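To start, the structure under review is shown below, and the notes come after it.
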């Protein structure tokens, strides 16, 4: 990308300062690209409401944290890089008296000015921290203008020439100068965690994620002069003093980044600009009036990616847009990949649109993938739009994690290359630039594409600006010295100039070179047209050159060295940094109790009772053939008295009920030997995950809510949770409990299972299948019929999004593990098995942190997105999955899956949309989902009533493995129901019965959306799979159930030989019970009601573990 110069014709009147003998250390430019830094991290809300003292103290705390954890290190320069080092401002302009040769008499009065990188505080910095390393790259230095003023003395005809230099004083430049030391952490190149932290900490401390550089180009519009780099707005410059006058936002009409290369439209003098941005709209184009006072046209071109477009073209009628596969994507960075990345297999295209067109008016032409930063010119030639520019096969842009030495391979000496090397797309051509021409036929759509120059690499093109957008004959470029660039470790140097002449038949007929003496290099070349010139090439090239032989510099022989992340940081430093972060959180974030309505009283947590308590109150009789065992249920039981919300300068966030720490409630049934009577014990205990222990150790809430709330608050919760605890959220383990190979596990799918001592309920630790599984683990693993292998899956918000595993029957090894190559992170909560197959649900409820960064929802249901069910062999791979497209819906729980001739039958609970809380959602919205417990009519069902959109009905999908046909239908339309269960002996096999909990919609409504279940239902299917019988076991008013499970009769014959066991809470008496219901006599009263010694809050899934 250009670090460009221009010559402006102005009337100069300058005071004469003292005169030095020479002017030294003018900076050279390179063929690089300015990186527009992602503004995906949304701006913080309502900072003005926070007292100034609070803001200042929080910033001081952050500064202290940065000062302790991050070490700024000077980046050494090689001897060959000496002229990339910065220079100081000289203060006042100085007269230049040494001129070899003669300035032409007809040379115009004016200012030759060049922009470039000139880092503050002695040079570029790297950082070391516990998060890794990051470093600034040369193009990230603060902008400095170097100006040469040409004025003629009146009446004498002699020239006065003055030189001055000055930094462009952007807002962020002023911040750093005020601090008198480096402040902004490098946020482009390095280890992904370090870059992410740099983004967050820069934003917290300075309000922006990176410095506004303004170091790339300088342009004129309507007699005003602007310095620019496309990560911010142009800075208006006083051309005489080089003082910075402030941002130019076209009187408030342009509020986004601004291209470094705007173009004046031929004829109208309007300025055509564009701005890229890492969140939608990715690319906007604007047309500014000739007087610079207003934006006459502004349009979103509806890009589907943030392409790093550095230049734009114009013709007499059209704008020309480059869309090449060099993109900015913060989501890649979050996944540990590159923020800026070139995809050599991605698509490339050039767009041609009318000057005031919209996205639909763009005519796109597909071209070969390549990297183009600079256009030479564009013009119309009959039916064709001709585009000339500088093209490389790939991008030389540094990427996070890239090695400096990588650039040595891009430069191999300055001699000419052969056509053989060019045809073979040699390594040099992959990264250095050649002149290319694209001819785009607006009538036929045909594209002709060719290289024009094959003997030198060259960049930084310029033409006579009178011909911008018109057919021109000449262009000029800087020629790469590949050998000098190689020994300069990849920082490009230019040792000559090239003049290209085109003939009328568009074939190149002449190339002229102006090569500099050895070790002399140029930058910022521009064409100065002769005031009375006739021909297009009447004029001069003006360029800054530097002689490295006469320059004195301190040699550096040490390359940058990578360093380890945490191991080298002293323990005391780490502990102190954590204390500083805690102090920051305590100061900036206020934890607030989330109040419960009276109708929500049984969602409140309870304390652990300590030791198991004997249960003595039993109404009815526990059946004689009921098995010894433990009925156990998992659920949310928040620490510290209940769920918390937070308030901060970043906004509000709150925990949702499903984020409470897991608590197990267990009822132990044992028969006294020889007496036939039952001993029943009740106990409860939290599942002590790693994060639970952290919070208990702190004795107060620590984790910031990171699911629901304002996007900036959630983002900061993610960052600060990771910094302080090493994970972005608590490991909840509050959803289910299961058995495998006589071991018992508590689980929630944001972490690994926790092994549980079924007798004491003590937590024994993570289960990672002897190190073979290191990712989240589904809450609903399934035992494969026949083999008893455990089939599992795990979702993750970065690739691989979905992995499936098969664990041996003895639980000791992973016998199969496969990435199913999902292209999104679907929130899959359950999976199915049949005798031969695994069944995978892929519905449009997804987790995407990039949405959150854009200010949208972390978890979101897309009702217009695709939905599908996959069927794969037990040990298959991604290619073996047979996908069946179905109606979009939300499915959390499957009832069962089985094979029926050519069909795989899937039964589950389906809602039209998702009731999951989303960031920014309001609780009141959920009231609309609940309308009372009365039955729904078929009319309401057909009209997809609001209730059905968010509550679940039983659905059947029949997937024909031979024809690909799908049959899809609701099985029950009378009640909403969830939390299905069957006789587990029939998992994966054809079954006849299933049981579910029935939603009490009225009670759920007055509970403000927290669902309550007022009864149980038993569904019976006939041999032809048609539902023939539905039985209900409804609870007394004010009684609600949770954690229902089926307990098979030990010597049972029929599938429904057994009992349903469920926790019941009576809200009228605030007493909890356990019901035992005879599955064969389902509608009758419970055969036993067990009164518990402690209240049991509503929860999730239960299980019965025979002993």
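Keep in mind that glycine also has a Cβ here, set from the backbone N, Cα and C atoms.
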According to TrEMBL, 780, 893, 1101 bind Fe cation; which one of 731, 740, 829, 1065 is annotated to that same site?
829
Which range of 861-887, 915-941, 942-968, 969-995 is region 'Disordered', per TrEMBL:
915-941
For residue 1101 (Fe cation binding site): intrachain residues, at least 6 apart, with Cβ closer than 8 Å:
633, 634, 735, 736, 737, 779, 979, 1043, 1045
List, in sequence order, the residues of the same chain other than 780, 829, 893, 1101 whose Cβ lies within 8 Å of the centroid of the Cβ atoms of the recorded Fe cation site.
735, 736, 779, 830, 892, 894
